[in-house]
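Record features (TrEMBL):
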- 116, 117, 118, 119, 174, 175, 176, 177, 178, 179, 180, 181, 182: GTP binding site (BINDING)
- 256, 261, 263, 269: Zn(2+) binding site (BINDING)
- 67-232: domain 'CP-type G' (DOMAIN)
- 76-230: domain 'EngC GTPase' (DOMAIN)
Ligand SMILES: Nc1nc2c(ncn2[C@@H]2O[C@H](COP(=O)(O)OP(=O)(O)OP(=O)(O)O)[C@@H](O)[C@H]2O)c(=O)[nH]1
Ligand SMILES: [Zn+2]
């Protein structure tokens, strides 16, 4: 029986792209009842076995094993989270960046950070602004994240991002207005798409309901441009897990005097020591403390 990839889910239908490349059209499928009985719901990104039914539609018979599963956005088999933050409009907000990173770390996806709208760095202050951009890029690279500076206007970094996504399912995330759709569009093979069409393809049409869809690049990459990770409320994260989401803390945390050290005020804390020694950035630590408080506060309220 044929194999395929679910590229879209809408109104109870799954749109399956056949693995057989001689088949051009996606097949509109229902999920077999047995799947529901087993308690598995097919997700966009699932590799599935399907069969054709008489009316030209199909049936998803089996879901192949997943390598990852996200709840929000509901995507299977994503390997990479692309986190977009604009350098201007809106200005770079490192606290929010760290918050997104905590959520992505928690999801277990690999991360690529894109610093977008480089062309908006004011000409006169360009030197100074460039320094800041470089410092930020260096900081996150030193932590172990890949960082690409982009502009969808000049094309800076676009090809690099596109190559990075080859052959993988990725999830684009970032605040509204940072340029997710624009960057994605710059990487699509068919550049003649109208803006309206793009919104339709991305499920953003004013009158269409927001749905989950994978956009195919011409290098075997698929991108889900969804409001994913938008609910940055920490409700699913235990406060004791927070520090593990700051990956550069790990090597120090292992040697803290107390097991379960919160790295806030315990004596013999190697994370605080590393902060004092300048090995952990002050902004990262500060955000850790802020998120920790925020989580405690939430716990009290719920
Ligand atoms: N100068 C400049 N403007 C950009 C760039 N990328 C996007 N923009 C503009 O920024 C605005 C927002 O871009 P979008 O691509 O719609 O942003 P988005 O992240 O998809 O936003 P949502 O759909 O709300 O999530 C638009 O007016 C774009 O034209 C860029 O590289 N440089
Ligand atoms: Zn500690």
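Just so it is clear, glycine is given a Cβ too, placed from its N, Cα and C backbone atoms.
Keep in mind that this is a model prediction, so the values were computed, not measured.
Mapped onto this structure are the features recorded in TrEMBL.
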residue : record              : Cβ contacts under 8 Å, 6 or more apart
116     : GTP binding site    : 84, 85, 86, 87, 150, 151, 152, 178, 179, 183
118     : GTP binding site    : 87, 133, 149, 150, 151, 154, 156, 157
174     : GTP binding site    : 83, 84, 85, 100, 180
176     : GTP binding site    : none
182     : GTP binding site    : 152
261     : Zn(2+) binding site : 253, 268, 269, 271
263     : Zn(2+) binding site : 243, 249, 253, 256, 269, 271, 272, 288
### Summary
Those same-chain residues, other than 256, 261, 263, 269, found with Cβ within 8 Å of the centroid of the Zn(2+)-site Cβ atoms are 252, 253, 257, 258, 262, 264, 266, 268, 270, 271, 272
### Task
Tell me which binding-site residues (118, 256, 261, 263, 269) have a Cβ under 6 A from ligand 1; sequence order is fine.
none
### Least Cβ-crowded entry, counting other Cβ within 10 Å, from the binding-site residues listed as 178, 269
269
### Query
Listed binding-site residues are 174, 256, 261, 263; which sit with C-beta under 6 angstroms of ligand 2?
256, 261, 263
